[in-house]
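Have a look at the structure below, then the notes.
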Amino acid sequence: MESRSRSIHKSASIMISAILFLSLIHTSHCFYLPGVAPEDFQKGDPLKVKVNKLTSIKTQLPYSYYSLPFCPPPKILDSAENLGEVLRGDRIENSPYEFKMREPQMCSVLCRVKLDAKAAKQFKEKIDDEYRVNMILDNLPLVVPIRRQDQGYPTVYQLGYHVGLKGQYTGSKEEKNFIHNHLAFTVKYHRDPLTDSARIVGFEVKPYSIKHEYEGKWTGNTRLTTCDPHTKRTVVNSNTPQEVEANKEIIFTYDVEYQESDVKWASRWDAYLLMSDDQIHWFSIVNSLMIVLFLSGMVAMIMLRTLYRDISKYNELETLEEAQEETGWKLVHGDVFRPPSNSDLLCVYVGTGVQFLGMVLVTMIFAVLGFLSPSNRGGLMTAMLLLWVFMGIFAGYASSRLYKMFKGSEWKKVALRTACLFPGIVFAIFFVLNALIWGQKSSGAVPFGTMFALVVLWFGISVPLVFVGGYIGFKKPAIEDPVKTNKIPRQIPEQAWYMNPIFSILIGGILPFGAVFIELFFILTSIWLNQFYYIFGFLFLVFIILLITCAEISIVLCYFQLCSEDYLWWWRSYLTSGSSALYLFLYATFYFFTKLEITKLVSGLLYFGYMLIASYAFFVLTGTIGFYACFWFTRLIYSSVKID
């Protein structure tokens with residue numbers, strides 16, 4: 001009953017966050033965003049240490065902190081989470097750790113736990129799967145600093161500390177599991193000399209495994225012999241580690257050290273987001289620009305030389321005999337704007353692509369401006385979902401405008417399919433994946449309340465907006481074709497092998513994928529290897545290059561197709577640039593086998609399920625760009641030709 005009320009409470013807070021999203025943007029001012037404003041602490045002020053999910057790059061299944069028998073506080077309290085946090089599997093709760101600002105602690109005993117067989121098995125499984133514990137202090141994640149041996153390189157920070165480690169006793173070949181039961185925390189702060197208040201700018205930990213010892217019977221104030229503040233004895237290594245075995249006791253302890261720092265509060269995330277290999281991103285940009293320049297040269301050559309010459313010659317034709325000698329793209333002017341087969345489905349996919357393009361573009365702009373920094377946990381996913389919902393009006397408008405041009409009359413049917421086809425397929429895959437996660441008892445499983453909130457966002461806001469857009473688009477006058485369409489379709493001559501539809505479509509997807517694959521590596525690393533990704537400036541540049549590449553490759557291949565008197569360009573223009581999604585999925589498969597250490601079947605299914613969704617979305621986005629580029633190109637060249 002308690003979990004059901006918690007789920008209802010979460011879904012209510014998610015719905016409120018959705019409704020207040022726009023007002024949140026308007027109320028944000030200066031540098032700070034709501035919820036991430038700085039907090040000043042005086043000496044002795046209590047600091048709230050919160051625990052987050054347990055994560056593993058081997059399983060990709062998050063678990064709540066208290067799914068393991070760690071020391072609990074008197075009452076476990078959930079923190080309010082936004083939509084993005086819930087979908088990411090974040091479960092932020094209070095902890096028993098008691099920190100006081102600028103008051104160091106040594107060997108504070110948290111609790112003593114005696115493991116039964118079930119608890120020992122749980123700890124062993126999590127250590128085998130290399131799970132990490134995530135904590136939060138003043139909205140900063142806990143990190144383990146790793147200093148590189150070679151000088152000149154900055155310190156690398158890993159999110160969270162390992163639950164434990166595997167090792168062998170000296171002289172033994174049997175591998176044992178050891179738990180990190182002593183944590184040496186370092187809280188870095190920036191002090192204001194005028195008010196003597198301080199702001200937290202760093203939260204680090206060094207985990208140790210130590211078999212604590214004490215004399216006599218255990219009571220509430222028993223002093224440890226292995227770690228005692230009175231004798232200034234502290235834990236500095238894991239030479240006598242604490243083994244995880246049934247019926248063995250584990251004593252959890254921690255130290256807290258405070259360090260003054262020159263880093264200001266506004267720059268406290270810089271160390272986490274430090275990009276030491278920015279050269280490769282510039283290489284990616286230059287590589288992509290080479291592709292763009294090559295394609296731009298081809299398009300310019302077609303537009304300025306061939307087309308200009310062809311159109312001027314064609315317009316000079318006077319006699320019927322000369323007109324009969326015309327060849328290439330001019331011959332198909334009476335068929336080039338003939339509606340394609342499955343034109344309704346094309347309208348639906350183009351509308352969905354416009355919706356996706358709008359969402360990605362606005363999200364990128366917000367990210368580049370700093371609204372979606374990692375300090376605003378779950379903000380990126382929440383923004384993307386809500387923007388998708390509100391972009392429904394553009395999807396309806398684009399699909400109905402195209403549908404009316406194809407002489408369609410049932411715009412409501414097309415609007416409904418636009419509102420339901422892509423989200424329906426994605427939701428079905430997501431539902432199956434969520435059921436798999438639920439079966440693993442992972443905190444990554446989306447609760448029923450959140451699932452209901454997503455359905456309400458979809459059918460309560462997105463679908464009506466698609467219909468509004470569809471109504472507006474259909475009321476506008478139909479787009480006129482620049483040339484008349486013949487009543488009888490022209491026969492398409494036999495095509496050369498390289499103009500085969502499948503071959504040219506597959507070739508067309510290589511260059512758009514080539515423009516983004518280096519940046520794709522960093523995005524996949526961020527998602528699946530639990531690292532920060534905050535180089536939206538580079539990403540925005542790559543995205544613009546992707547748009548140009550998709551448009552240009554589609555125009556070039558469309559021109560070659562029309563020159564070989566094949567006028568069935570509608571679907572091919574969409575599929576040419578859209579086929580880059582196939583290469584994205586193949587690259588994701590390559591990444592899975594070369595970079596990830598996933599061994600569990602469920603984890604593998606999760607990876608390929610989510611990458612399938614990403615590839616499908618990429619197909620819709622790139623396909624729409626290619627389609628609109630060819631649509632503009634064909635209208636431009638055929639409107640320049642005089643047809644008697």
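Glycine is treated like the rest: Cβ placed from N, Cα and C.
Listed features, source TrEMBL:
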- 1-30: signal peptide (SIGNAL)
- 282-304: transmembrane segment (TRANSMEM)
- 346-372: transmembrane segment (TRANSMEM)
- 378-398: transmembrane segment (TRANSMEM)
- 419-439: transmembrane segment (TRANSMEM)
- 451-474: transmembrane segment (TRANSMEM)
- 495-528: transmembrane segment (TRANSMEM)
- 534-562: transmembrane segment (TRANSMEM)
- 574-593: transmembrane segment (TRANSMEM)
- 605-633: transmembrane segment (TRANSMEM)
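At the 8 Å Cβ threshold, with sequence separation of at least 6, the transmembrane segment (419-439) comes into contact with the transmembrane segment (605-633) through 3 or more pairs. Between the transmembrane segment (495-528) and the listed ranges 282-304, 451-474, 534-562, 574-593, 605-633, the one holding the most Cβ pairs under 8 Å is 574-593. Contact between the transmembrane segment (534-562) and the transmembrane segment (378-398) is not supported: fewer than 3 Cβ pairs lie under 8 Å, counting only residues 6 or more apart in sequence. Same-chain residues lying 6+ beyond the ends of the transmembrane segment (346-372) with a Cβ under 8 Å from its Cβ atoms: 25, 28, 31, 33, 340, 379-380, 383-384, 387-388, 391-392, 394-400, 402-403, 406, 408, 414, 417-418, 421-422, 466, 536-537, 539-540, 543, 570-571, 574, 617, 620-621, 623-625, 627-628. Sequence-remote contacts of a segment are chain residues at least 6 beyond its ends whose Cβ falls under 8 Å from one of its Cβ atoms, and for the transmembrane segment (605-633) they are 60-61, 346, 349-350, 352-354, 356-357, 360, 422, 425-426, 429-430, 432-433, 436-437, 508-509, 512, 528, 546-547, 550-555, 558-559, 569-570, 573-582, 584-585, 588-589, 592, 596, 598.
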